[in-house]
């Protein structure tokens, strides 16, 4: 499916109701649109991962006076504006960056921690439970920072800039753990697997490298070979410089967007793509949280949606994913279990 959603020309906070009746319920098909007055070009977006309150429980976000769902926007002037999604109310204007805020990432564990990546070559950590206080400034990149990703277990942060190495940070001490060196050109995108056991980085060198973030070991390299048959004979041959990479929700697939006009889907255990889709001007990609669909963003201002392979995870993979959610690579290697089982649990075999 390639239905596209053009960007709104205005960011003014407003609501519009459909002619056909009440707009209180989305489920009845009532169109209720909302736009936010950002005042600047919006480069990055992130929804909070704060869970909804269950019966008898108090939602951690609501308990501290914040809404249960917020949206952070990274702006052209270095500001970050944080909004209440339901009402469109501006909660915070976070000041500190000196240039474009290129990417944003909320801590996946429901804590009100936000990390921002900027062209000012820094990452900044913000605590929304403390009135948006800036907790830490992470310096170490010498180029614009394009991408930041927090591991699902919230122990690590990976950042990618216009450099040949990605940086891995501790989310506990906010210190640099290691540089991940192996690419031959600028690293522009990164993402953790759902169990935090794998990290992938994408580069202009047309390669995706799969890492063990705990040891820094390179586990696999996926090379983007141009498929000339997909291009018009009259067109120039485009390089396969990568723009974006992301994991599927169950952790068995990767999606990549490259400059050779292709969206690729990769199975974790294979070294060649299992599906392709032609697209032009692709810049970013993201899986729907429950799988089955991929959204891609383009330079010409469109978001396209694509059906993605659905998979029923094997019992082996489900067990590995459950164990790796709370065991590091070193803890797995210390277990009194057979070597082949250790290799499987640490993704040394697929």
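Cβ atoms are placed via backbone N, Cα and C, with glycine included.
Per TrEMBL, the features are:
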REGION    1-29  region 'Disordered'
COMPBIAS  13-22  compositional bias 'Basic and acidic residues'
REPEAT    71-93  repeat 'WD'
REPEAT    94-129  repeat 'WD'
REPEAT    138-179  repeat 'WD'
REPEAT    180-221  repeat 'WD'
REPEAT    235-269  repeat 'WD'
DOMAIN    314-350  domain 'SOCS box'
Long-range Cβ neighbours of the domain 'SOCS box' (314-350) (under 8 Å; 6 or more residues past either end): 152-153, 194-198, 210, 212, 214-215, 219-220, 250-252, 268-269
Helix, strand and coil counts within the repeat 'WD' (94-129) (DSSP): 2 helix, 19 strand, 15 coil
Secondary structure tally of the repeat 'WD' (180-221) (DSSP, helix then strand then coil): 0 helix, 24 strand, 18 coil
Non-local residues, at least 6 beyond the ends, that sit with Cβ under 8 Å of the repeat 'WD' (71-93): 13, 15, 34-36, 38-48, 99-104, 106, 114, 116, 118, 120, 126, 128, 131-132
The repeat 'WD' (138-179), counted residue by residue under DSSP: helix, strand, coil: 0 helix, 24 strand, 18 coil
Average model confidence [pLDDT] within the repeat 'WD' (235-269): 83
DSSP helix/strand/coil residue counts for the domain 'SOCS box' (314-350): 22 helix, 0 strand, 15 coil
